Structure formats: structure tokens, C-alpha cells
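Pasting a structure below so you can have a look.
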């Protein structure tokens with residue numbers, strides 16, 4: 001039985017090698033067009049470096065968040081209180097939503113007045129339209145104060 005066991009693996013190895021050889025012949029033919037497509041896009045050695053950088057850029061995709069600023073304001077108002085990551089995410093989404101609404105309203109106002117530029121006046125009017133009552137008044141006063149501080153420095 002031992003000789004038969006030896007013959008079967010020996011018989012299988014050449015059989016496996018032949019399809020592998022056929023696959024090896026077919027695979028390079030299939031890979032050559034792909035390699036040709038990659039070379040013009042990657043441009044040789046520089047392409048491999050760019051591929052790595054592009055990979056890094058995708059990994060380090062910069063996402064603008066307001067988490068730092070939310071945390072700073074929280075510590076100004078309540079120094080002893082923390083915030084969970086879920087609550088922080090909700091606050092970040094809230095701020096993004098408000099800014100989107102303000103930007104959209106400001107753009108509409110600029111279009112209505114046939115002006116190509118959104119100025120502080122459009123922003124101020126958008127704040128009055130989007131935010132309710134006292135909140136709008138406080139936002140306008142804080143915004144005016146911030147703009148004055150920025151222009152004076």
C-alpha cells in the first residue's frame with residue numbers, strides 16, 4: 001500500500017503542475033493589460049509613491065468636526081461635567097445642520113439681491129430668519145462682537 005500512496009501523490013503533483021503551468025500562462029496574459037493600465041496612471045516609480053500617499057490620504061481623510069470647540073464651551077459653562085462620545089456626535093451633527101441652514105439661507109439672500117458675494121449682512125439676516133426669537137438676538141450680538149474683534153486685530 002505504501003507504494004500506491006507514493007504513486008498517487010507523485011501522479012497528482014505533475015497533474016497539479018500542468019494546470020498551474022496553464023494558469024501561469026493564462027494569468028500573465030490577463031495581468032499584462034492590467035499592468036499596462038496601471039503604468040500610465042501610476043507613471044512608474046513615482047506612481048508607487050503616489051499610490052502610497054493616496055492610500056495615506058484615504059486613511060487620514062480630514063473630517064472637520066467641532067468637537068474641540070464644543071468641549072471648550074462645555075468646560076467654560078460647566079467645568080466639572082463631561083460629555084459622552086454619542087452626545088458629542090449629536091452636538092457636532094447639530095452644529096453642522098445649523099451651519100448648513102445658515103449657508104443655504106445666506107446664499108438665497110445673495111441670489112435675491114443679485115449679489116455674487118455672501119457678506120456679514122447676509123449671514124446676519126440668515127441668522128434672524130433661521131433662529132427663533134431671543135436666540136437670534138444673542139447670536140447676532142455675539143457674531144457682531146466676533147467680527148469687530150477680528151477686524152480690529
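Glycine too: its Cβ is placed from the backbone N, Cα and C atoms.
Positions annotated as compositional bias 'Basic and acidic residues' by Swiss-Prot: 1-28, 36-53. If you look up Swiss-Prot, you'll see 149 marked as ubiquitin cross-link. According to Swiss-Prot, the feature N6-acetyllysine maps to 7, 37. As annotated by Swiss-Prot, region 'Disordered' applies to 1-60.
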Per DSSP, residue 149 (ubiquitin cross-link) is which: helix, strand or coil?
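Reduced to three states, the DSSP call for residue 149 (ubiquitin cross-link) is helix.
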For the residue listed as 'ubiquitin cross-link', what is the tally of other C-beta atoms lying within 10 angstroms of its C-beta?
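The residue listed as 'ubiquitin cross-link': 9 neighbouring Cβ atoms within 10 Å.
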